[in-house]
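Please read the structure below before turning to the comments.
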Amino acid sequence: MLDSFPVPALLRDASTPLANFLHLRTLPLHIHQVLISYFAYTCIDSILSPYLSARLIPATYDKFPRRTKVQWNMHVTAFINATLLSLAALWVIFHDEERSRLGETWEGRIWGYTGIGGMVQALGAGYFLWDVQVCILNLGIGAVGGLDLLHASVGLAISMMGFRPFGLYYGIQYALVELSTPFVNIHWFLNKLNRAGSTLHTLNGIILIVVFACCRLLWGSYLTVVFSRDTWTALQAQEPSWTTYDYAPGQGKPIVMQHQAEWWLAALFMASNSVVMGLSTFWFAKMIKLVATRLGTATSEKKMI
């Protein structure tokens, strides 16, 4: 499926030299969407969230220390991104027929590209660009930790490397791990609003654990296996692959590219994916430990009564 919002020629031409130097050959086609996404999330974090929060929950938000306000605005931004990105990825998976055909061969799954898929990838890249920036700026006040910065950096690296293009077919599928993120943010919001232990908090917690396990651990592990299999096949290929990309309506000639898998790129993707899966496992273990602690506390209180 083609991208219905093609890049302005001036911006495409200005970004092409750097993109070619970095071998991110489809980045100039979506640089405007990366920038729009980045500036949109920056505005949500620094303007929209503080403005609305101060008016919707003034008694709570105004009493937050600076560190908590920064975290609150970051969670609002992450909630919006995860919701939009998950819905966009689902739409592409179910409606992009060109992408469906890419899944028929390993060449399509590794080297395949569609205009609409590149747009979704660009929106994710813009978010992670914002995420890296806000993590660096707020490390000093303790609003984020090193693991948050690591996660943001890995997400940005994977998103940008996809513009070679490499693994975009799997990248769209991997975006579905974000289905758990809205529930993570809701859980955090309820804690800060003194709703911990409420029925809503408990129900959201149950949904969070189930969706997190299914999307990030099971689905993420499955994608790791199949992506690794196709990457290994690409590395063993004796001849380069050729692909023809249609990008946007009225684009003129299709883009023709030659591809040859490189060991360093495969290693980078595998290492990045391992970091993400490791962080997901670590966070899930913390969730289970927290639930076990609360259940133990509740049991002790009942015995005392």
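The backbone N, Cα and C atoms fix where each Cβ goes, and this holds for glycine too.
From a predicted model like this one, the values you see are computed outputs, not experimental measurements.
Per TrEMBL, the feature domain 'TLC' maps to 67-296.
Residues annotated as transmembrane segment in TrEMBL: 31-52 (among others). The list of residues near the transmembrane segment (31-52) in space but at least 6 beyond its ends in sequence, with Cβ under 8 angstroms from a Cβ of it, reads 5, 7-8, 11-12, 15, 19, 69, 72-74, 76-77, 80-81, 119, 122-127, 129-130, 133-134.
Among the features that TrEMBL reports, transmembrane segment is placed at 72-94 (among others). Same-chain residues lying 6 or more positions outside the transmembrane segment (72-94) and placing a CB less than 8 Å from one of its CB atoms are 1, 41, 44-46, 49-50, 53, 61, 64, 114, 116-117, 120, 123-124, 127, 130-131, 134, 138, 143-144, 172-173, 175-176, 178-179, 181-182, 185-186, 188-189, 192.
The feature transmembrane segment is assigned by TrEMBL to 110-130 (among others).
The transmembrane segment feature in TrEMBL is assigned to 137-162 (among others). Residues 22, 24, 27, 66-67, 70-71, 74, 121, 124-125, 128-129, 131, 168, 171, 265, 268-269, 272-273, 275-276, 279, 282 of the same chain sit 6 or more residues outside the transmembrane segment (137-162) yet have a Cβ under 8 Å from a Cβ within it.
Sequence annotations record features per position, and here TrEMBL assigns transmembrane segment to 168-190 (among others).
According to TrEMBL, the feature transmembrane segment maps to 202-222 (among others).
The feature transmembrane segment is assigned by TrEMBL to 263-285 (among others).
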